[in-house]
Structure formats: structure tokens, C-alpha cells
Amino acid sequence: MTILNAVDKKYSVLILLRHGQSLWNLENRFTGWQDIDITKKGEEEALHAGKLLKNEKIDIAFTSTLKRAQHTLEIILKECGIENIPVIIDKRLNERSYGDLEGLNKSDTALKYGSDQVMIWRRSYDVAPPGGESLKNTAQRVLPYFHKTIAPKLMEGKTVLIVAHGNSLRALMMFLENLSPEEIANTEIPTGIPRKYVMNRNLQVLDITMEN
Ligand SMILES: O=C(O)[C@@H](CO)OP(=O)(O)O
């Protein structure tokens, strides 16, 4: 084996996980920056994710400032028996702001403004909901943070867990999987299911798996 081959074999693992079901997921309300905790079902989803991640040697975890993500991460780390790893909290991983829609019921809002308009607010790449952030705006804060703070850990070969939110993770997935605005519009991230990327040290994705 050449030295180059040996170096090539070195890889990193990045695991993305959306928080467990929150109360407002259950009630079908726009959540965004509102700090809503997970439900009993959300706790069970987190526990299940912890069981799925038991064999991963997680070196460092990143999460948002919102309790639904932090609570999910706590349950996972406890279930995995991981106690002493760095946990970095940063608001740039928070959910996209839903602005004036936060707190409203999604079905009621679709009745009022039309389901096409609500779908544009929810899933278009660059149309922001009133007073809120588009996915593009969200990517503009998530990706610089990823490149500056998270990517160096992956380049060192660390196994990184990110517990965050539907749209902050969609922004990351778009980058990692090279998805177009149309492709990401059709991508839904389930709560509590780990999405694992195996990458080389240049952050090229070699393999993607989702277990549930
Ligand atoms: O309400 C929200 O904050 C998000 C995630 O739950 O909703 P959506 O699925 O519309 O992006």
C-alpha cells in the first residue's frame, strides 16, 4: 500500500439529527425561533436515536440555543453513555425565523393565504416568510459557521454530531449533498433520525446512511 492510499483511507463522520417532536410540531404550528420543548414522543425519538448512535465514537457535538435541540442532544448523550465531550451551542444553528408566522397553525394559515403561498413560504429557497428568514438567509448564517467551526473538526478526523432543526439542517444538506433549490424543496427531514455522512478529509461525502 502506498502512503497516499493509507492517507486516503482516513475518513471523518458527520451525523445530522433533527430534534425530537416538539409540542408545536404536534400542534402543527410555525415554530421558528420560539423556544418550544420536545414532547414525550420527542423524548422517545431522542432515546431511539441514542440507541442507534451507541456504536459511534462521537468526539464533539454542536447544537442550537433552543431547548428542543439541546434536550434531544442531552437524551442522546446520556443514552450513549457519553459524558465528557465538548458540546458547542451556537445560535447560527437555530431554526430559520418564521417571522410573523410563528405561533400560527399551518393549516389555518394555508386556508387564509392559500396552500400554494404557504408552500412557497415553507419550502422555496429564497422567498422569506413575512418578517422571517428564507432558506437562503438561513444558509447564509449556517454555512459560514459550518466552514469556520465545524469543518476543521471533521478535517482532523473527528466524529461530529449536530443536533439542530429542519431548516438549519436542510441548509447544510443542500451544501453537503449538492442539492438544487428544487431538490431541497422536496426534502423533508424526519425528527429524531440520524443522517450519517462518511467523508474524506477534504469533506467530500463518500457515503450517506439513514437508520431508523
Ligand atoms: O415550524 C418550523 O419552525 C419548521 C419546522 O418544524 O416548519 P417547516 O416544516 O414549515 O419548515
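Here the Cβ of each residue, glycine as well, is placed from N, Cα and C on the backbone.
TrEMBL has this to say about the protein:
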- 18-25, 31-32, ARG68, 95-98, LYS106, 122-123, 166-167: substrate binding site (BINDING)
- HIS19: active site, tele-phosphohistidine intermediate (ACT_SITE)
- GLU95: active site, proton donor/acceptor (ACT_SITE)
- HIS165: site 'Transition state stabilizer' (SITE)
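Sequence features annotated in TrEMBL and their locations in the structure.
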| residue | record | DSSP class |
| --- | --- | --- |
| ARG18 | substrate binding site | strand |
| TRP24 | substrate binding site | helix |
| GLY32 | substrate binding site | coil |
| GLU95 | active site, proton donor/acceptor | coil |
| LYS106 | substrate binding site | helix |
| HIS165 | site 'Transition state stabilizer' | coil |
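When the recorded positions ARG18, HIS19, GLN21, GLU95, ARG96, GLY166 are checked against ligand 1, GLU95, GLY166 have a Cβ within less than 6 Å of one of its atoms.
Annotation: HIS19 carries the greatest number of neighbouring Cβ atoms among the recorded positions HIS19, ARG96, LYS106, HIS165 [cut-off 10 Å, Cβ to Cβ]. Take the CB of GLN21 (substrate binding site) and look out to 10 A: across all protein chains shown you find 22 other CB atoms. It is 13 Å from the Cα atom of GLY32 (substrate binding site) to that of the residue listed as 'active site, tele-phosphohistidine intermediate'. With a cut-off of 8 Å between CB atoms and residues at least 6 apart in sequence, the same chain places PHE30, THR31, GLN34, ILE36 near TRP24 (substrate binding site), listed in sequence order. Ranking the recorded positions ARG18, GLY32, GLU95, GLY166 by other CB atoms within 10 A of the CB puts GLY166 at the bottom.
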